[in-house]
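What follows is one structure encoded as structure tokens, with my remarks underneath.
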Amino acid sequence: MALLDIRNLTVAFQTGNGMFTAVDRVSVSLSEGEVVSIVGESGSGKSVAMLAMMGLLPWTARVTADRMEFDGKDLLAMGSGEKRRIIGREITMIFQEPMSSLNPCFTVGFQLTEALKTHLRMGRKERRERAVELLNQVGIPEPVKRLSVFPHQLSGGMSQRVMIAMAIACNPRLLIADEPTTALDVTIQAQILDLLLKLQQDNDMALVLITHDMGVVAETAKRVMVHYAGQQVEHQEIGGLFANPHHPYTAALLAALPERAASKKLPSIAGVVPGQFDRPTGCLFSPRCRFVTDLCRSSEPPPAPAELGSALCHYPLDDGVPLNHPDGKEAV
Amino acid sequence: MFIYVLKKIGVIIPTFLGVTLVAFIFIRLLPGDPVLLMAGERGMTEERHARMMAEFGFDKPILVQYGLYLNQLAHGDFGTSIITRKPVLQEFMTLFPATVELSLCAIILAVLLGLPAGMIAAVKRGSFFDHTVMTGALTGYSMPIFWWGLLLIIFFSGILGWTPVSGRISLLYYFEPVTGLMLVDSLLSGQDGAFWSAIRHLILPTVVLATIPLAVIARQTRSAMLEVLGEDYIRTARAKGLSPIRVTGLHALRNALIPVITVVGLQVGVLFAGAILTETIFSWPGIGKWMVDSIFRRDYPSVQGGLLLIAAIVMIVNLLVDLLYALINPRIRHTE
């Protein structure tokens, strides 16, 4: 049985100009101890999907799904009290901005032990010991001293380590890391990723890594989901994704990686992700796709078979060749 | 932290000197001759007038008068009232507890009501409660104190007869002041009904004086809370599975309190100013009423001394607020 099973999750926001669909029929499933990555540009709804699952979206969000289960328990039907026993204990999350994600008014120790007190009802001494152990685990030197330190006295990397320590405090079964390295220096990024993967293996917890960095994906995940404009456009094993991307968007993303560039000029994807007001009919990627046809502009593509990465495309690519394409266009 | 306190005290000294200068000059800009005012209807001879001017030092150049005044202050002498001939400090200290009692009750009422009202309004943003609180706050803030006080007196004292019109306690009770705070003294006196009488006398002035601070605190709390509730660390707190009460009441409130405390501190200053009106309406024998009376009598030393003492108290309160601020906000406490 899957640890996390989400089918057709849709998140819409009530805005001044009507509803805006930020996440459109996205499915995520994940088994115990698995590492999955969700990639996409800013605004592709990758964080919103996970925040919706955690119940952390503002009240203006409308969350619907055919199924949303964690360990066989229905997260949609659950009351908020019952959900809070899972959130923060079995499912935890770390965020993009470690510096602003810690409360400036409380010490590291206080924030670190809060979940232990709430979920595990640990005593004061026990909590303190566990906090020191956690700070050791995430590689913070002089852990005892750090307990009484305030967040503004920590660097970004240190703050993210504290966030990770907080997240693994109750030995969760699933950790969601929402762009955990985006706000950090490049040298620190690798350290934090290594730390996350080490903790994932040591504690045998499942990890969802949300990122826009293909390099991060390549180093960490076994399975990748590519999001575009709120939709999941492709879903593949990591090896297959890099060797044989099935959606033109994935192919274009990979082609834009500097290390893969064939010529001196780095290829880019023209245009931007559609927003609330310029949402195209048909395929959402059609205005930016180089294989676009009239069919793409008029009708929404059905998902391709699983062996083609469930690509949301009328002409899924195979080895760079769009299948059944009227022009018989070849990859460049 | 120690350096922070020293710095704050360092700012107070020049401010206090500035206040002495302003108080000294402004009171002398007022038209009217204090000696003639003392004489009243009878008038006095030129010779006697000159002698009295010399006696109080009003004949000397203004700068010399100021120098003499500073010298007096340095020796803890705030002057002598030219009407009652009593030391200003002594008069002030006799009346001050009445003002403290009133202001303290008012600020406590304002915080007790304003803080939760602002918090709930922020959490339930856009709700009926939110609109009611914000409309009420705007009304309270815009109302002239004098009119509002009279309105309450007419309704509660005049029509309903629930509360007394003026004074601190019913004339039926008499006891020697111990602390000067009527609520405490009436309890200490052990006289039947004295405490209840003191409370009934306190209710209306407290409500009137608390109105503006209450409105300001409620509005400030709401806006501070709204800002804080959108912060990343609130999302972190919720992601931990903490209860909504813990998230808003601890994680958000602690941060929202930082601007609110500043406002409460400033309001204490406003209270001393507001107390002048409130005390006058309710014949409350505090320093506000005493100051107004002194101004009408051209009692230079009393006005000057009273102004200084009030300024000093406001500054001390602000110092305490700054310290409280540092206690709540670790980013201030830990600046090296």
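Using the three backbone atoms N, Cα and C, a Cβ is placed for every residue, glycine included.
Given the structure is predicted, the values throughout are model-derived calculations rather than measurements.
These features come from TrEMBL:
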type: DOMAIN; residues: B:96-325; note: domain 'ABC transmembrane type-1'
type: TRANSMEM; residues: B:9-30; note: transmembrane segment
type: TRANSMEM; residues: B:100-124; note: transmembrane segment
type: TRANSMEM; residues: B:145-175; note: transmembrane segment
type: TRANSMEM; residues: B:195-217; note: transmembrane segment
type: TRANSMEM; residues: B:256-287; note: transmembrane segment
type: TRANSMEM; residues: B:307-328; note: transmembrane segment
Please work out whether the transmembrane segment (B:307-328) lies in contact with the transmembrane segment (B:9-30), by counting C-beta pairs under 8 angstroms that are 6 or more apart in sequence and asking whether there are at least 3.
-> yes
Answer yes if the transmembrane segment (B:256-287) and the transmembrane segment (B:9-30) have at least three CB pairs under 8 Å among residue pairs 6 or more apart in sequence, and no otherwise.
-> no
Beyond a gap of at least 6 residues from its ends, the CB atoms lying under 8 Å from the transmembrane segment (B:100-124) belong to 130, 133-134, 137, 180-183, 202, 205-207, 209-210, 213-226, 229, 248-249, 253, 256, 260, 264, 267-268, 271-272, 275, 278-279, 284, 286
Excluding the flanking five residues on each side, which residues at least 6 beyond the ends of the transmembrane segment (B:145-175) place their CB within less than 8 Å of a CB in that stretch?
-> 98, 182, 185-186, 188-189, 191, 193-194, 197-198, 200-205, 207-209, 211-212, 274, 277-278, 281-285
